[in-house]
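Asker: Quick one: structure below, then a few questions.
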Amino acid sequence: MTHNVMCDDVLPQLNLPDGVTRWNANLLEEERRLRNSDGHADRIILTINTLGKRSKEAQSLNTILTSVPRLRENRDARLYLLCHGGRGVGILKIGVKRLFVVPPSHAGLMEIEPVCVLDFFVDTSNQRQGYGKILFEHMLAFERLSPGDVAIDRPSVKFLAFLRKHYGLVEYTPQSNNFVVFHKYFERHQQQRRGVGGSGRSGYQHCNETTTQQLGTQSGLLEDINQTHPAPSYALRGVVMGHTGPPLDLTNVTQQQKPYHQPFATGRKTSYELQYERYLQSQNCRPTGNAGYGGGNGPASSAEVRATNCQARRRTSPTRSGVPYNIINGSTGS
């Protein structure tokens, strides 16, 4: 199958209310054990696997990042599934990763354990209707996170544009592991270390520090997933746990969106802004059709743009997910 052809598996009808449900391996196994007399749990599993395949093809990845077998391999991972009209619309997979990154304040490595967005996909027939924002914000609400608290595994330029438009997230330091950690993350947790405030949801420490204490926990992902959590401090509709919950009114969802606006400093453009301009130019030059998906015309990730600019210094490195990320050699040669 070529990248220009999306997975043609038909998404089954689900007995789930419109809105977001949250799943992990344990909940899926419980659903299959207790509520599968009519094949309902099997249809949920088929939906997750199908959307995972479509995500892989849409992003031109070498491997499927989201599937029920992968959730069984990483039992701390959580999957947010958005449904509308009784069918799956989008998926968002998260998990905690231990990362070694260079913060913006100094050149030394720092160890952090943030919640990471590992896969984020809205079915192509439902894009540009506000579903991605619904899915992302419901994840933030349940994980008690702000947008700048999450790290993102190899985000596309489209995802970076989404974060800038809705949350004003722009500045980040390119990392060799191709995770994007915005400067807001470090600013927030520097304040937390000084006791000024913060969510306490993501921990970090410098590699040369002797203390083993880290801020917060692993974002609650090691907690019992069925544990009762306090309600969010703001109104939230349609977020459900497993198979129960109120319906979500998705009528006129695009009209309900109000993008987050943040003033940006004028003057020299950031590296992200230059990447974003390249992405917009590629969209203008793209032939009509399924823009942004498949073949060599797809938008490059921030790491790919940076690696391409380095030409001879470019190399690939396998990762835990099997995706060959572009990273930069320290030497000037190949």
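Easy rule for this one: first residue shown is 1, then count along the chain.
Cβ from N, Cα, C; glycine included.
Heads up, here are the entries from Swiss-Prot:
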type: BINDING; residues: 120-133, 156-165; note: acetyl-CoA binding site
type: DOMAIN; residues: 1-186; note: domain 'N-acetyltransferase'
type: REGION; residues: 314-334; note: region 'Disordered'
type: SITE; residues: Gln59; note: site 'Crucial for catalytic activity'
Asker: Given the binding-site residues Phe120, Gln129, Gly132, Leu163, state which is nearest to Gln59 (site 'Crucial for catalytic activity') when distance is taken between Cα atoms.
Answerer: Phe120
Asker: If you draw a 10 Å sphere around the Cβ of Val157 (acetyl-CoA binding site), how many other Cβ atoms fall inside it, taking every protein chain shown into account?
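Answerer: A count of 24.
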Asker: For Leu160 (acetyl-CoA binding site), which DSSP three-state class applies?
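Answerer: Looking at the DSSP assignment, Leu160 (acetyl-CoA binding site) belongs to a helix.
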Asker: Taking DSSP as the reference, which of helix, strand or coil describes Phe120 (acetyl-CoA binding site)?
Answerer: strand
Asker: Sequence gap of 6 or more, Cβ distance under 8 Å: name the residues on the same chain that satisfy this around Gly132 (acetyl-CoA binding site), in order along the sequence.
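Answerer: In sequence order, the residues whose Cβ lies under 8 Å from that of Gly132 (acetyl-CoA binding site) (at least 6 apart) are Gly90, Phe120, Val122, Phe162.
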Asker: Using the structure shown, find which entry in Gln59, Gln129 (the recorded positions) has the sparsest Cβ neighbourhood within 10 Å.
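Answerer: Across Gln59, Gln129, these recorded positions, the one with fewest Cβ atoms within 10 Å is Gln129.
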Asker: Can you tell me how many other Cβ atoms are located within 10 Å of the Cβ belonging to Asn126 (acetyl-CoA binding site)?
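Answerer: Here the count is 17.
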Asker: Ten-angstrom check, please: count other Cβ atoms within 10 Å of the Cβ of Phe120 (acetyl-CoA binding site), all chains counted.
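Answerer: Cβ-Cβ neighbours of Phe120 (acetyl-CoA binding site) within 10 Å number 25.
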Asker: Counting only residues 6+ apart in the same chain, whose Cβ is under 8 Å from the Cβ of Leu163 (acetyl-CoA binding site)?
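Answerer: Looking at Cβ-Cβ distances below 8 Å from Leu163 (acetyl-CoA binding site), excluding near sequence neighbours, one finds Pro147, Pro155, Leu169, Phe182.
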Asker: For the domain 'N-acetyltransferase' (1-186), provide the mean pLDDT of the predicted model.
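Answerer: Mean pLDDT for the domain 'N-acetyltransferase' (1-186): 92.
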Asker: When you measure from the Cβ of Asp123 (acetyl-CoA binding site), how many other Cβ atoms are you left with inside 10 Å?
Answerer: 21
